[in-house]
Amino acid sequence: MKNKVLSALNIKVSESAYVFDLLRVQIFIGIAVSYVNIIAYTLFLKTLSIHLLPYAYLTMAVLLLLLNIVYEKLEHRLSPLNLLKYIVVFSIVILVSLWLGLSLGFKNSFVFALMVWSVLFYMLNGYTYWGLVSQLFNIRESKRVFSIIGAGDIPAKLIGYLSAPLLIPLFGLTHLLWFSVIAMLAGLWFFNKAVKERNWDAINEQSHESLPHVHHKHETSVQKKGLMSVIFKNELIFSISILTILSYNVFNIIDFTFLSQVKMKYEDVATLAAFVATFFAVGRFIALALKLLITSRVIERWGIIKGLFATPLILLTFSMIFFALNQQSQYMLYVFGAMVLLTEVLRSTMQEPVFFILFQPLKEKLRLHGHLISKGYMLPPSLMIVGLSLIFLDKIGVDVTILLTIKIVLLNLVVWAVVILYVKKAYLNTLHQSIKKGFFSSEDVYLNDKKSIDILLDKIYNGSKSEVIYALKLLGNANHPEINNLLHQQLLGNDPDIKLYVLSELKRSNAVDISLLKRLITQEPDLEIKQKLTSIICRHDPEYLHEMAKNISHLEYPIRKVVIINLLNQEEFNHLIIAGNELNNLIQSEVPEERELAVKIISELKNVRFTAAIEQLIDDEDATVKRSAIVAACKLKMQKTLPEILNMLNRPSEKYIALQGLLQYGDELFVDVDPEITDDYSTELIRLAGKMKGSHSTGYLIASIQSSTEDIYKIVYSLWKKEYKPLTGKETSLMNHLLETCFQNARNKLEYFYSIQSLKNHFLVRNSLHSEIQSDLETALRICCLLYEKGEINRILELIEVGDNSKLYNAIEILEIVLPQRITKELNVLFDHVIDPNDTRKAYKAQDIDAMFDKIVFTQADEFNPWTKSVCIYSSWQNKDYGFIQKLAVSPVVSRQSYVMKETTAYVLNALT
C-alpha cells in the first residue's frame with residue numbers, strides 16, 4: 001500500500017521520510033498563515049478604505065527590503081535548521097504583539113500593521129522553509145518532489161479557511177490570532193522531533209562549507225564587475241528576478257482589483273470573512289488536486305521552461321474571455337474571481353515550484369541567494385511599482401476597473417513571454433557551466449604586434465624549455481624574418497628537447513646551414529639528435545651521403561637507417577645498389593635487431609616495395625621482428641598479407657599484434673579485405689572501424705547494423721568514436737529505428753529486473769540486468785549524439801563513466817532542452833533506474849522465472865549480452881531450476897553462442913551428471 005501511495009505521488013522510498021517530515025511542518029505553518037490572512041483581509045476591507053491598500057503595498061515594500069537584508073545576514077551566520085526555528089519564534093512574538101494592539105483599542109493602526117505583516121509573515125517563513133528544502137534535494141529529485149513538499153501548504157490553508165467561519169462566531173475574529181500561534185508552536189515541535197529522529201547534519205555542513213570564502217568572492221566581484229553582478233551574482237538569478245517582478249506586478253494588480261470589487265459587494269464583517277475564507281478554500285482545493293496528481297508530472301513531462309508558460313497562457317485565455325463578454329454583464333466579477341483564483345493556484349502549484357527547480361544547478365549558497373533575491377528582493381520593487389501606479393491613478397481620477405486591469409495584464413504578458421525565453425538561455429548557460437570541463441590550446445594563436453614579438457624574443461633567451469619552444473612556435477606562425485637564425489642558434493644550446501624541436505622544423509626548411517650541422521654532428525653525444533642531423537645533411541649534401549655510404553655496414557643502427565633511406569631516394573644506380581645490398585643483408589641477418597632494422601627501413605620507403613621480404617619477416621621467430629613486420633605490411637597496405645594477418649586474430653598470443661598492425665592499414669582495409677571472411681572477424685573489425693577515419697570503415701559499420709544484431713552496442717560505440725553523422729534520410733531513419741529498438745530492449749530489461757528483484761537467490765541475474773540497462777542507456781545516448789550532434793550528450797557520458805552524480809543531475813536537465821521530448825521521456829526512465837535501482841514508483845508485472853530465463857537465453861537472446869545469458873544459466877543451476885536446464889541440454893542454440901556461454905553450459909551440465 002505504501003508503495004502505491006508513493007507511486008501515485010511520484011516520489012521514491014528513499015525520499016519519503018524527509019518529504020513527509022517537511023509536509024507536517026508546512027501544514028502547521030500554512031494553518032497559521034491562513035488564519036492571519038483571513039483576519040488581515042477581513043479587518044482591512046471592513047475597517048479601512050481600499051485607497052489605503054496601495055500605501056500598505058509601499059509599507060510592505062520598505063519593511064520587506066529591511067527584512068531581506070537582516071535575513072540574508074542571518075542566513076550566513078546560522079544553519080537552515082536553526083534559522084527556521086528562530087524565524088518561527090520571531091513570528092510568534094509578532095503575532096502576540098499584534099493581538100495585544102488589536103485588543104487594547106488601537107484598531108486602525110494595528111489593522112494596517114496586520115495587513116502588512118500578513119505578507120511579511122508568509123514571505124519570511126517561505127524563505128526559511130524553501131531554503132531548507134533546496135539543500136536536501138538535487139535537481140532531478142526537485143522536479144518530482146518540490147510540488148509535493150509544497151503541497152502541505154494547501155491542506156493546511158484548507159483547514160484554516162474552512163474552520164475560520166466556524167471559529168469566528170465562537171472566539172471572535174481578533175482572537176483567531178491565538179490559533180495561529182498554537183499552529184506555529186505545533187509546527188516547531190514537529191520540526192524538532194524530525195531533526196532528532198533523522199540525520200540532517202549534512203545540511204549544517206553544507207551551509208557552512210564555503211563560508212570563509214564568501215567575503216573574498218564578494219570583494220573580487222565588486223572590483224571586476226558592476227553593481228548588477230554584485231547584487232544578482234549570476235545571470236540565471238537575474239533573469240528569474242526580472243520574471244518575478246513581472247509576475248508579481250500582474251498578481252498584485254489583479255488582487256487589488258478583485259479586493260476593491262469585493263469591498264463594494266459585502267458590508268457585514270461576518271459575511272465578508274466567510275466569503276474570504278470560502279474563496280481561499282476553493283482555491284486550495286483546486287491547488288491540492290493539481291499539486292498532488294498533476295504538477296510534478298507536468299513539470300517532468302513538459303520540462304521546466306515550458307512549465308513557465310502555464311500561468312501566462314491561462315491569463316491570456318481569461319483576458320480573451322473578458323473582451324468577448326458584455327462589460328455590464330453580471331458575470332464579469334465571477335469570471336474575474338475565477339481568474340484570480342486560478343492565478344493564485346498556478347502561482348503556488350506551478351510558478352513557485354518551477355522557480356525553485358530552476359535554481360537547483362547553482363551551488364548551495366548561490367541557490368539560497370537566488371531564492372531570497374528573486375522572491376524576497378523582487379517583491380518590494382513590484383509592490384512599489386503597483387502601489388505608486390495605483391496612487392497615481394487615484395490622484396488623476398482614473399478608476400481601476402476590471403477591463404483596465406485586463407489591458408494592463410496583456411501588456412505585461414508580452415514582456416513575460418520574452419523574459420521566459422531569456423530565462424531559458426540563462427538556465428542552459430548555467431547548466432553548461434555547472435558541468436563543463438574546459439582547456440586552453442595555443443595551436444592557432446598568431447601574434448604580429450611588436451610588443452608581443454619582443455616578449456617572445458625575451459622568452460627565447462631567458463625562458464624555460466617549454467617557453468622557448470612555445471615562443472619559437474608562435475614566431476614561426478607569425479613568419480618572423482629572423483626565425484631561421486633563431487632556430488639555428490638554439491642548436492648551439494644544451495637542451496635535447498629544444499634541439500629535437502628545432503631539427504623537426506629545419507627538416508621542412510630549405511634554408512639550412514649545412515656547415516653548422518656538420519660541425520655539430522661531430523660533437524653531438526645524443527644518438528637521436530645525431531640521427532636527425534644526419535638525415536638533414538644527407539638530404540641537402542649528396543657528397544656527404546656518398547662518404548657515409550662507403551662505411552655503411554659499420555654505422556650505428558639509427559644512422560645506418562637514415563643513410564639507407566636517403567640512398568634509396570636517390571636516382572643514381574650506384575646508390576641503389578649499395579642500399580639494396582645492405583638492406584638485403586639486414587633482412588637475411590641472424591641478428592634479430594638487424595632484421596627489425598630492415599623492417600623499419602622498408603616501412604619508411606615511399607617509392608620501393610619489398611613485399612616478399614615482409615612476407616618472410618611476418619613469420620619471423622622473434623616476436624619483436626614479427627610485430628614490426630606486421631605493422632609495416634599494414635602501413636604499406638600490402639593486401640596480399642591480409643589473410644595471414646587476419647588469421648592471427650584466432651590465436652590469442654598473436655591477436656594483439658595483429659590488431660595493432662591492422663589499425664595502421666587505415667580505411668582502405670575495408671576495401672581490400674575479402675568480404676567472404678569479414679563475418680568471421682566481425683567483432684575485431686567493428687572495433688577497428690571505430691578507430692579509423694574514412695567512408696569505407698563507416699560504410700562497413702552501417703552495413704553491420706543489419707547483419708550483426710548481437711554486436712549493436714559495439715557498432716554504435718564505434719560510430720560514436722569516429723564522430724559519424726548520418727548523411728542521408730535512409731541513414732537517419734536507420735539510426736532512429738536503432739534508437740527505438742534500444743529503448744524497447746531497455747524497457748524489457750526493466751520489467752525483468754523488477755520482476756526478479758524480490759527473488760534474493762537470483763541477485764547475480766539482477767546485477768547483470770542492471771549493468772545491461774546502464775549499457776542500453778549509454779548506447780541510446782550515443783545514438784542521440786549521432787542524430788543530434790549535441791556535445792552536451794558526450795559530457796553526460798563522461799559523467800556516467802566517472803560516476804559523478806552531483807554534476808550528472810544537472811547535465812541530465814540539458815537533455816530536455818536539446819533533445820525531443822519523446823526521447824527525453826525514455827532517457828529519464830533509464831536515468832532514474834541507473835541512479836537509483838531501488839526506485840519502485842512504477843509497478844511491474846511479476847513473471848515466472850523459467851519463462852523469463854527462456855526469453856533471455858532463447859527467444860530474445862539477441863537483446864542480451866553473453867554474460868547475462870551465462871549468469872542466467874549458472875543461476876538456474878544454483879537454484880535448482882531443473883526444468884530450464886533440461887531444455888538447455890537439448891537446445892541447438894547454445895552451440896552457436898559465445899565462448900563464455902558454451903563454457904558455462906558445459907559446466908552446469910557436467911555438474912548435474
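Glycine residues also receive a Cβ, built from the backbone N, Cα and C atoms like all the rest.
Annotated features, as they stand in TrEMBL:
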- 21-44: transmembrane segment (TRANSMEM)
- 50-71: transmembrane segment (TRANSMEM)
- 83-104: transmembrane segment (TRANSMEM)
- 110-133: transmembrane segment (TRANSMEM)
- 145-164: transmembrane segment (TRANSMEM)
- 170-191: transmembrane segment (TRANSMEM)
- 236-258: transmembrane segment (TRANSMEM)
- 270-290: transmembrane segment (TRANSMEM)
- 302-325: transmembrane segment (TRANSMEM)
- 371-392: transmembrane segment (TRANSMEM)
- 404-423: transmembrane segment (TRANSMEM)
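Pairs of Cβ atoms less than 8 Å apart link the transmembrane segment (21-44) most often to 110-133, out of 83-104, 110-133, 236-258, 302-325.
Recorded stretches compared: 50-71, 83-104, 110-133, 404-423; the one with the most Cβ pairs under 8 Å to the transmembrane segment (236-258) is 404-423. Packing against the transmembrane segment (302-325) from elsewhere in the chain are residues 143, 243, 247, 250, 331-332, 335-336, 338-339, 342-343, 346-347, 350-351, 354, 357-358, 402-403, 406, 409-410, 413, 416-417, 420, 423-424, 427, 813, 816-817, 821, 824: each is 6 or more residues past its ends and has a CB under 8 Å from a CB in it. The stretch with the most CB contacts under 8 Å to the transmembrane segment (170-191), chosen from 50-71, 83-104, 110-133, 404-423, is 83-104.
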